[in-house]
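**Q** Before I ask anything, here is the structure I am working with.
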Number of protein chains: 2
Amino acid sequence: MSTTPKWVQDLRPSSPQGSELLRAEREKSNLSIDNLSKFLFSADVLNRRQKILKILQAEKVFDKSHNYFDGRVDRFKTALARSKKLRQLEIQHKWTRQDLLDASDLISEPGPYGLHASMFLTTLRDQGTPEQHKLFLEPAQNYKYIGCYAQTELGHGSNVRGLETTATWNPEDRTFTLHSPHLTSSKWWIGSLGRTANYAVVMAQLVIGGKPYGPHPFVCQVRDLNTHQPLDGIYVGDIGPKFGYNTMDNGFLLFNKVKIPHVNLLARFSGVDPDTSTYIRPASASLIYGTLTWVRSTIVLQSGGVLARGVTIALRYTAVRRQFQDRDTHAPAHGENQVLNYTMVQYRLLPLLAATFALHFTGKAMMNLYEISQKNLRQNMGKLADKKHGVGPEEAHPGTDLLSDLHATSCGLKALASSIAAEGLEVARRACGGHGYSSFAGISSWYADYLPTATWEGDNYMLTQQVARYLLKSARAVLSGKSNNNDTSKILRRFLDKQDTGAAHDILSVDSDIVAAFAWRTAYLTFEALKHRDVEKKSWNSLLVDFWRLSTAHSQYLVVKNFYEVLQSTSIEYELDQNTLIVLHAVFRLFALHTLEREASEFFSSGAVTIRQIQLTRAKAVIQLLEHIRPHAIKLVDSWQFPDWQLDSSLGRYDGNVYEDMFHRASELNPLNCLIVDPYPENDTIVKKIDKTAFKSKL
Amino acid sequence: MSTTPKWVQDLRPSSPQGSELLRAEREKSNLSIDNLSKFLFSADVLNRRQKILKILQAEKVFDKSHNYFDGRVDRFKTALARSKKLRQLEIQHKWTRQDLLDASDLISEPGPYGLHASMFLTTLRDQGTPEQHKLFLEPAQNYKYIGCYAQTELGHGSNVRGLETTATWNPEDRTFTLHSPHLTSSKWWIGSLGRTANYAVVMAQLVIGGKPYGPHPFVCQVRDLNTHQPLDGIYVGDIGPKFGYNTMDNGFLLFNKVKIPHVNLLARFSGVDPDTSTYIRPASASLIYGTLTWVRSTIVLQSGGVLARGVTIALRYTAVRRQFQDRDTHAPAHGENQVLNYTMVQYRLLPLLAATFALHFTGKAMMNLYEISQKNLRQNMGKLADKKHGVGPEEAHPGTDLLSDLHATSCGLKALASSIAAEGLEVARRACGGHGYSSFAGISSWYADYLPTATWEGDNYMLTQQVARYLLKSARAVLSGKSNNNDTSKILRRFLDKQDTGAAHDILSVDSDIVAAFAWRTAYLTFEALKHRDVEKKSWNSLLVDFWRLSTAHSQYLVVKNFYEVLQSTSIEYELDQNTLIVLHAVFRLFALHTLEREASEFFSSGAVTIRQIQLTRAKAVIQLLEHIRPHAIKLVDSWQFPDWQLDSSLGRYDGNVYEDMFHRASELNPLNCLIVDPYPENDTIVKKIDKTAFKSKL
């Protein structure tokens, strides 16, 4: 089929081949990939993913070879076809929700059913009454209603209370009127709404008798179930191309006085009494609180894997790419050096490799804590019921305490983890040099699709205020002797106890002292911020930069602590062999010490470490750790177990055949090569001829 | 034409309107935009740009309204049509090279003639003999030959000496054979080659009698001048889609023993004697040296404007965007706060605004120095001729000294400036929140197109080695008493003189002390690096991270110094009014002090400043400067004078009508909205209907 000339087909890259180089990398490390992979994910999860991968690869619609070439309209159409097929496979193979998520991970593109399967169904389930479940959830679960979650507006995102869409109660006919009073009231960024959804949960300001009651969720049909055309009074469409996420039809939506029945206000927690036209208040907001925490914890858990894709690609490629000879080695016979052997490349990539593990362990710990908090909450409900039987009040609050701790923790970690992942992907891309800029590298589109994570579910800068508020509150409690006994209170108290004698953290010899140094810095910054706010009475606005630094410090402490605790767990000795464990300890130290030296000034000024310690960290410890980890770099990324099909990257191929793959994609799949142009400026003709035989691709 | 319903057309954003907010911003600042713009660019330049803008806007082919929607093939075709029109306008209006560059700036997309008009013509001119000018340059100047510059290969970029393509001299028929021995020998990333060029300057390893003589430039026809099909033995095409730059046809090129005549080796500096088959050596490499310096200086000069586009968009939008009330202001009547009023947003954007000016002034200074160095070089040639008349040797070298200083300076500044610009654009994009992610924001495509600048003309990390090498050499000269009297030697000597008494830089009161503190840190890091290399005999590779830090420090010093010197120039008092001058001084201090606090640990450990000074910088000085500059932010970006047509951004509109523009583009220009899909998973149909009436756009 290919018309590539024979002499081109016969060419091979100059030696050594990429495959030989990666084989050598794998041979020289004694690390056990198998053990490490199972430790990270469990054997069950790895097997399940393998099974799903096989199913997907057998379906033509999931063929990825045109993804990097197609324009937006084609990509959207393909994405919708894939979403449909996924739903068919879900039924056929009786997939669980987790199976479906794994399949999406492997496909690695947002699909037009994305918001239906997550927020639409979840909101109907969690906030609907049994009657509403019957009316809306059942047809939605069967994909008769395809829905979305319409909250953000053109003029309002972070400030949900400022939403402008109104839902006015009409007592006379027991309906609500949905209305968009301004252009800025238009719903905007609503995933799955642009072209796909026929239903939406619309967050609108409830108005009863002229009085506003804040945003509430309303179910609203937006398109005809047969013609798929917008209903009367509704103006809906796609908001246009974006930096990434172009397989998703994010939409806009305007209402011109659209009436919906009383039953369309999701009424499990609050509502309107249709007989009296009075508002029914919600009992507690803690469940919604919990959902947000869960969503953010998921982002933390995913961040390690998100970053690991880019790091896998960059490390494999920099082990294959050779450029220049080592400057101190003058023997020409030596050949060119693998790019990964340069310390400047190691310094950019290996701390990111360390971060992938640090974030993964932190995400798992967060998820565990979330499960515990949910269990506690349920038990707590039970205890509250027991209270009449003599159980004291102090035991009655562990669940909610943990939950508010977890809420703040998840805010700070979501911000830190998604920033590390997004920025790390770009560092990984640039470490691939010129070829990193090619779509075939597989990093830029993944990066562009991931970027919104820094903004949604709480803007990464906005969220840091939540963490600061929590830490200030904890510090006030510690100072007034009313604190509980959680970790935050402990590190704040330790700082107060020790601040007159000073800290002596032996960060270069003792791992637990590294953790203590991070804790010390957090505590120092907390009490500094508290002084500014409570003593010096500075305005909240003037302290936002301090709060951001404080949140970052606290979240870095948590990541370091979580990684450390995994290494201290008793089970780890059974699951990992000694060689692997030693490397993982080095990975921990690299993450922690590299973070510490990057934030050096806060560690000095808080007195957590000395200037000399920082200098030694920078000049010796980090460089030695790079040297220690370098031989295991390829196996460490192998342990993430990304199939080539998932990475879809020329540079990140497991077998190291990067140049063959780049060349194949460029020369045989690239539709631009079908155009024979007229190159002369005086001729207005642009395309002279379409060459349909030269390339396999479609135009 | 539009089918937008009347009720939608009647909607306006909720008040206050963006136009009112920006008008208020402009009224509250006493800064003179006119004076500042003229100071930055000169009145002549501003007028010229206006004239060119009018010409471009009158041509239909330059209409930008579909740019954000089109896929790669369409974008390339449009870009080629635009390039042709530009060439026609160039002839029609007798445009100079600078006029053409200004026109390209306004169009703001890479075009398929890009490498023809720059590297191809320049190389033919600079490296060709008069005979070759007649043969190749003349038809190239008349666009009979459309060319490109084919240096980089699939396997080699930075290491030019490692190129694999060979050009073997055949004495029997006085030809060269161009050949690609491996797949990695394929030329790759060659701009304008993919579809457009019919000629190439090919860098290939010259081989005479089996002996290699290194890379040399060969002119080679690659496509037929009539059919535009590849010539025999040539395999050429486009390398496929990239993160950005998709209007350019970067290409690949393989040779299967292609013969070219002797005259096709560009022979001004070196060549092959066809009679004796011996190599003719080049006299001096300093001219090529000069070209690279010029290219890098251009990147420095452009970086300010590149960043200013993103900062203009972000500052205008954050002045229009309102979200939340100020936390300490509880009056509900107060309304929502402009996002730009939050210190966290100011802290992200205003130092970048300061950087745009710092980089612009630095670029201008670099260009001046370059002109002086070229003048000196020419005079120097004269002096060398005068030597027989008694002129001493010490006066004979100022030109080359300045040139080698300039070479190193341009390497470091290219790396720093393009990193600040690229990373700053992404910061600006994120500061726009969710809407920053829309293509209509106008930042993401600009950012993606700019990114290669961090890699080409010397990878930003690689280049830092050049700076370190130069600084080490300078330090050795200073220590041995053999240094010259340039600025680098001066700051190194000052450090040595003062190191036993210590520094006392009053950075918070005295501007010149800020500059001195930056110089001190550079000198400290230089002597530290020298100790590691010369005394401790550490390997070059183990010091790459130190070298990178050193280069960054030195380049930051240069930027701070250049900005400072502009403010000290005697002419500035005549060109700028007092109000504008005061603001510009604050802008200088913000840039310098913000850089200083970000790099705090090096300033401490070098003893350039005290920890207390850093704490005061962070907690007080920077925050006060943000407050000082905030009211002038919009006028400061206005002074960059970007026409809306150039920015092509909904968020960055001069008039502040951001939401109207976003909505218009999404609803009336978006081709995805022509698709009526079938949303049900059990139906394999994807597109139910194409709605040709609903939207103005093409599909």
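Note that Cβ sites are derived from N, Cα and C of the backbone, with glycine treated the same way.
What TrEMBL says about a protein is an automatic prediction, not a curated fact.
From TrEMBL, for reference:
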ACT_SITE  B:Glu457  active site, proton acceptor
BINDING   B:Thr152, B:Gly191  FAD binding site
DOMAIN    B:36-146  domain 'Acyl-coenzyme A oxidase N-terminal'
DOMAIN    B:148-258  domain 'Acyl-CoA oxidase/dehydrogenase middle'
DOMAIN    B:289-472  domain 'Acyl-CoA oxidase C-alpha1'
DOMAIN    B:513-674  domain 'Acyl-CoA oxidase C-terminal'
**Q** Work out how many Å separate B:Thr152 (FAD binding site) and B:Glu457 (active site, proton acceptor) at their Cα atoms, rounded off.
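**A** B:Thr152 (FAD binding site) and B:Glu457 (active site, proton acceptor) have their Cα atoms 11 Å apart.
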**Q** Return only the integer: C-alpha distance in Å from B:Glu457 (active site, proton acceptor) to B:Gly191 (FAD binding site).
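**A** That comes out at 14 Å between the alpha carbons.
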**Q** Please compare the recorded positions B:Thr152, B:Gly191, B:Glu457 by how many other CB atoms fall within 10 Å of each one's CB, and tell me which has the fewest.
**A** B:Glu457
**Q** Compute the average pLDDT of the predicted model within the domain 'Acyl-CoA oxidase C-alpha1' (B:289-472).
**A** 87
**Q** What subset of the recorded positions B:Thr152, B:Gly191, B:Glu457 has a Cβ positioned less than 8 Å from a Cβ of chain A?
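**A** From B:Thr152, B:Gly191, B:Glu457, flagged as close to A: B:Thr152.
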**Q** Give me the DSSP three-state residue breakdown of the domain 'Acyl-CoA oxidase/dehydrogenase middle' (B:148-258), ordered helix, strand, coil.
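**A** Residue counts for the domain 'Acyl-CoA oxidase/dehydrogenase middle' (B:148-258) by secondary structure: 6 helix, 52 strand, 53 coil.
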**Q** Looking only at the domain 'Acyl-coenzyme A oxidase N-terminal' (B:36-146), how are its residues distributed among DSSP helix, strand and coil?
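**A** So the counts come to 82 helix, 0 strand, 29 coil.
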